[in-house]
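Student: Structure incoming, see below.
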Amino acid sequence: MDVHDLSEEAKRGVIHTSEESLDDLCVDFRGRPCRPSKHGGTRAALFVLGFQAFEMMAIAAVGNNLITYVFNEMHFPLSKSANLVTNFIGTVFLLSLLGGFLSDSYLGSFRTMLVFGVIEISGFILLSVQAHLPELRPPECNMKSTTIHCVEANGYKAATLYTALCLVALGSGCLKPNIISHGANQFQRKDLRKLSSFFNAAYFAFSMGQLIALTLLVWVQTHSGMDVGFGVSAAVMAAGMISLVAGTSFYRNKPPSGSIFTPIAQVFVAAITKRKQICPSNPNMVHQPSTDLVRVKPLLHSNKFRFLDKACIKTQGKAMESPWRLCTIEQVHQVKILLSVIPIFACTIIFNTILAQLQTFSVQQGSSMNTHITKTFQIPPASLQAIPYIILIFFVPLYETFFVPLARKLTGNDSGISPLQRIGTGLFLATFSMVAAALVEKKRRESFLEQNVMLSIFWIAPQFLIFGLSEMFTAVGLVEFFYKQSSQSMQSFLTAMTYCSYSFGFYLSSVLVSTVNRVTSSNGSGTKEGWLGDNDLNKDRLDHFYWLLASLSFINFFNYLFWSRWYSCDPSATHHSAEVNSLEALENGEIKDSTTEKPRI
C-alpha cells in the first residue's frame, strides 16, 4: 500500500508526536522550571521590545546614512558606495541564520543576544574612532567636483572600515531572529491573539527605533559629525543591552536542543536509503519515540514531498535501527515544513530589493533635490526614510485596535487576516512604491535639465510612504508566518529566514545594479556609462531602473499568489491551529490517552 493509503488511514485517527509543549520546556535564567505567575507575559516582553527599539535605533542610524559616509568620507564612487551599503545590510540579514542556528542548537536566545550585543557595540566604537581620526580616512575632497580627483580609501583605511562593518553586521545579524523568538517565547503558543499582538508591537518598536534614528541620530551625524553619530549609536546600543539584562529574572527561556541540522540530514539519508520501500497502511510500522510525556503535539499529513515519508518506516525484524536509517514522524514533518516555506520565502526577495533602493539611490535622489524647509533649516536626505515610520507609528496601533477585531469577526482568524494574506497585501503595494519613485525621478530630472529647477525633497515622500505601508503587512506577516510554522526546536532559525530574505534582496540589488550598468552601457562592455554608471543622478537614468523594479515586483506578486495557494491547499498548513486545539483539549481533559492514537505524517 502506498503513502496515500497511509494518509487515508491516518485521517481516521487523532495524530500526535511525542514532543513536549514549549510551556513545559521553558526555564528561568537559573535553569529552573518557569512559574506562570512570575515568568513570561507582557511584562517580560516589554524588556525585549525595549531592546528591539534601541538596537534598531543604533543600526538604522548607521545603515541608512552609510552611503553618505562612504561616498563623502571614504570617496568610493556612487555605484560602489551603493553596492557596499547593500552588501553590508545583506550580510547583516544573512548572518541572522547563524544567530538562529547558535540559539536553537547551543546557546539559547538570551545568551546569544548577550554575546552578539557586545560585538555590535565594538563595531560602532571602531566606526566612531575611524570617523574621528584623520589618519584613518583619505584627505578631504568634494566628490561632486568634476575638476578634482578624490583619492579613494584603500589599504589599512579601507581595512578598518570593513572590519568595523563586519563587527556590526555580525552582532546585529545574530541578534535579529533571537529578539523576535525570545519575545514571542514569553507567551504560550496556544494564545494566538497575544502572539499576534506581540508581532504588531515588535513592529511598532521597530518603527519607533527607525523614526528616532532617521530624525534625531541622522541630524546628529549631519551637524556634529559622523564620529559623534557613530558614538551615539554605540551608546544607544549599550542602553538596549541594559533593557535586555533588566528583564533577566522575568524571562521564559527555551533551552537549546542540540544541532538542528543533524535531524534534517538524517531524514534525507533515511529516505534515500529506504527509497525502494512502500509505506504500510499499519501506523504501528511508523516510528515514534517512546515517551511518558502527557503533552503531545499533533501533526497533519502532508501530501507534499511524499518520498520523505519513507524515512520513518520500521524495518521488520529489526528492533533497533540507527537514527540515520529510522527517523521519527516529527523529524519528517519538520523537514516538510522547512521545504514548503521556501517558495514563500523566495517570493519576498524582490520586495526587499525595493527596500534596498530606498536606503541607497533614493537617499542620493533626495540629495539632488531642494532640502530646504526654511532659509535656515534643511532636511538631511537620509531622514526622508523617517516618513513611513511617522505614519506607521499611528497606523500600527490603529491596525491592532480597529482592523484586527473587525477582520476577526469576518474571517474567524485570530490575527484578523492570515499571515499569507498579509504578506500578499504588502507585495501588491510594493509595486506602486516603485511606480511613484519612477514618476518622481523623471519629473525631478527633467525639471533640473530643462528648467534648472530643483524639486522640493517632499516629492519623494510618496514612495517611502507606500513602501512603509507595504512593509507593515509583509514584514510582520512573514515573521508571524515563520514563527507559527516552526517546530519548537527551530523557532529562532526559521524566524531568521525572514531576515535571510532581506539579505538576498539586498544582494540581488547589487547584482541588478552591476548587470543594468553593463547591459545599458553603449557597447555592452561597461566601458561607457549605463543607467547608473555616473556619480551624477542628472546624467543617470534612475527612473528607468525604478520602472524595471516595478515590473519585477508586479510579476513577483502573481508568482506569490501561485505559491501561497500551493501552500494553503495542504492540510499541514493548519498545523499550528491544530496544535493549539489539541493542547487545549488536553488541558480540559478531553483527551485521556494519547498512547492509542495513530500517527499522521
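Just so you know, glycine gets a Cβ as well, placed from its N, Cα and C.
Copied straight from Swiss-Prot:
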TRANSMEM  44-64  transmembrane segment
TRANSMEM  82-102  transmembrane segment
MOD_RES   THR112  phosphothreonine
TRANSMEM  113-133  transmembrane segment
TRANSMEM  160-180  transmembrane segment
TRANSMEM  198-218  transmembrane segment
TRANSMEM  228-248  transmembrane segment
TRANSMEM  337-357  transmembrane segment
TRANSMEM  386-406  transmembrane segment
TRANSMEM  420-440  transmembrane segment
TRANSMEM  453-473  transmembrane segment
TRANSMEM  493-513  transmembrane segment
TRANSMEM  544-564  transmembrane segment
Student: Taking the Cβ of THR112 (phosphothreonine) as the reference point, list residues of the same chain whose Cβ is under 8 angstroms away and which are at least six residues distant in sequence.
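Tutor: Set apart from THR112 (phosphothreonine) by at least 6 residues yet with Cβ under 8 Å, we have GLY99, LEU102, SER103, CYS174, LEU175, ASN178, SER492.
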Student: Under 8 Å for C-beta pairs, could you tell me which stretch among 82-102, 113-133, 198-218, 453-473 has the largest tally with the transmembrane segment (160-180)?
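Tutor: Counting Cβ pairs under 8 Å, the winner is 113-133.
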Student: Quick test of the contact rule: Cβ under 8 Å, at least six residues beyond the ends. What residues does that give for the transmembrane segment (44-64)?
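Tutor: Counting only partners 6 or more residues beyond its ends, the transmembrane segment (44-64) has Cβ contacts under 8 Å with 85, 88-89, 92, 113, 117, 120, 124, 127, 168, 172, 175, 179, 182-183, 186-187, 198, 201-202, 205-206, 208-210, 212-214, 217-218, 221, 229-230, 232-234, 236-237, 239-241, 243-244, 246-247, 250-252, 359, 363, 382, 385.
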Student: Considering only Cβ pairs under 8 Å, which range in 113-133, 337-357, 420-440, 453-473, 493-513 makes the most contacts with the transmembrane segment (228-248)?
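Tutor: Ranking 113-133, 337-357, 420-440, 453-473, 493-513 by Cβ pairs under 8 Å to the transmembrane segment (228-248) puts 113-133 first.
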Student: Under DSSP, is THR112 (phosphothreonine) part of a helix or a strand, or is it coil?
Tutor: helix
Student: Apart from its near flanks, which chain residues at least 6 from the ends of the transmembrane segment (420-440) lie with a Cβ under 8 angstroms of it?
Tutor: 344, 347-348, 351, 354, 357-358, 362, 365, 455, 459-460, 462-464, 466-467, 469-478, 480-481, 543-544, 546-547, 549-550, 553-554, 556-557, 560-561, 564, 567-568
Student: Taking 82-102, 113-133, 198-218, 337-357, 453-473 as candidates, which has the most Cβ pairs under 8 Å with the transmembrane segment (544-564)?
Tutor: 337-357
Student: Quick one: find which recorded stretch in 113-133, 198-218, 453-473, 493-513 has the most Cβ pairs under 8 Å with the transmembrane segment (82-102).
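Tutor: Maximum Cβ contact count belongs to 493-513.
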Student: Which listed stretch (113-133, 198-218, 337-357, 453-473) has the most C-beta pairs under 8 A with the transmembrane segment (493-513)?
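Tutor: Looking only at 113-133, 198-218, 337-357, 453-473, the most contacts with the transmembrane segment (493-513) come from 337-357.
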Student: Ranking 113-133, 198-218, 453-473 by Cβ pairs under 8 Å to the transmembrane segment (337-357), which is first?
Tutor: 453-473
Student: Using a Cβ cut-off under 8 Å, which residues of the same chain at least 6 positions beyond either end of the transmembrane segment (453-473) come close to it?
Tutor: 203, 351, 354-355, 358, 362, 365-366, 368-371, 379, 381, 384-385, 387-389, 391-392, 395-396, 399, 422-423, 425-430, 432-434, 436-437, 440, 443-444, 447
